[in-house]
Amino acid sequence: VHLTADEKAAVTALWGKVNVDEVGGEALGRLLVVYPWTQRFFDSFGDLSSPDAVMGNPKVKAHGKKVLNSFSDGLKNLDNLKGTFAKLSELHCDKLHVDPENFKLLGNVLVCVLAHHFGKEFTPQVQAAYQKVVAGVANALAHKYH
């Protein structure tokens, strides 16, 4: 991912304020609600029968936190996203058979959640930088599919 120094600074500054537990659960939950076909990958999570059930599901929240912790690792290695996400790409491709389009969907949902949480602080410039990052992460996660 090519980010300018200003974009990297903006991404890093905002990410330092992110509550990974809260934002991770909300982002994954919203993905499962807005794109219900993604729920098929989470059969073991229990009740996903309604938006309230999804958003209150502790397994969704826990996995969302795990996802954002991995995303945090990516932010520390923006110049080597493919290397950073190689094992996760392999897992999601070979074992879980996740449609790589879902990575893009989750990235876009994450951007929406960040905008919701940070309001005016999430300027168009910050959003543009985050869109580059989530696209790069989605591409890295889809790498083993190519």
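Each residue, glycine too, has its Cβ placed from N, Cα and C.
Keep in mind that this is a model prediction, so the values were computed, not measured.
Sequence-distant neighbours of HIS63 (heme b binding site) (same chain, 6+ residues apart, CB-CB distance under 8 A): GLY24, LEU28, PHE42, PHE45. Feature annotation from Swiss-Prot assigns heme b binding site to HIS63, HIS92.
Residues or ranges marked as domain 'Globin' by Swiss-Prot: 2-146.
Among the features that Swiss-Prot reports, N-acetylvaline is placed at VAL1.
The phosphothreonine annotation in Swiss-Prot covers THR12 and is backed by similarity to another entry. Annotation note: THR12 (phosphothreonine) sits in a helical segment as assigned by DSSP. Using a 10 Å Cβ-Cβ cutoff, THR12 (phosphothreonine) registers 14 neighbours.
For SER44 (phosphoserine), the same-chain residues lying six or more positions away in sequence with a CB closer than 8 A to its CB are LYS59. If you look up Swiss-Prot, you'll see SER44 marked as phosphoserine.
Under the three-state DSSP scheme, LYS59 (N6-acetyllysine) falls in the helix class. Sequence annotations record features per position, and here Swiss-Prot assigns N6-acetyllysine to LYS59 (among others) based on similarity to another entry.
Sequence annotations record features per position, and here Swiss-Prot assigns N6-acetyllysine to LYS82 (among others) based on similarity to another entry.
Under the DSSP three-state reduction, CYS93 (S-nitrosocysteine) is assigned to helix. Per Swiss-Prot, the feature S-nitrosocysteine maps to CYS93.
Taken from Swiss-Prot, the feature N6-acetyllysine covers LYS144 (among others).
When the Cα atoms are compared, VAL1 (N-acetylvaline) and CYS93 (S-nitrosocysteine) turn out to be 22 Å apart. Following the DSSP three-state reduction, the secondary structure of VAL1 (N-acetylvaline) is coil.
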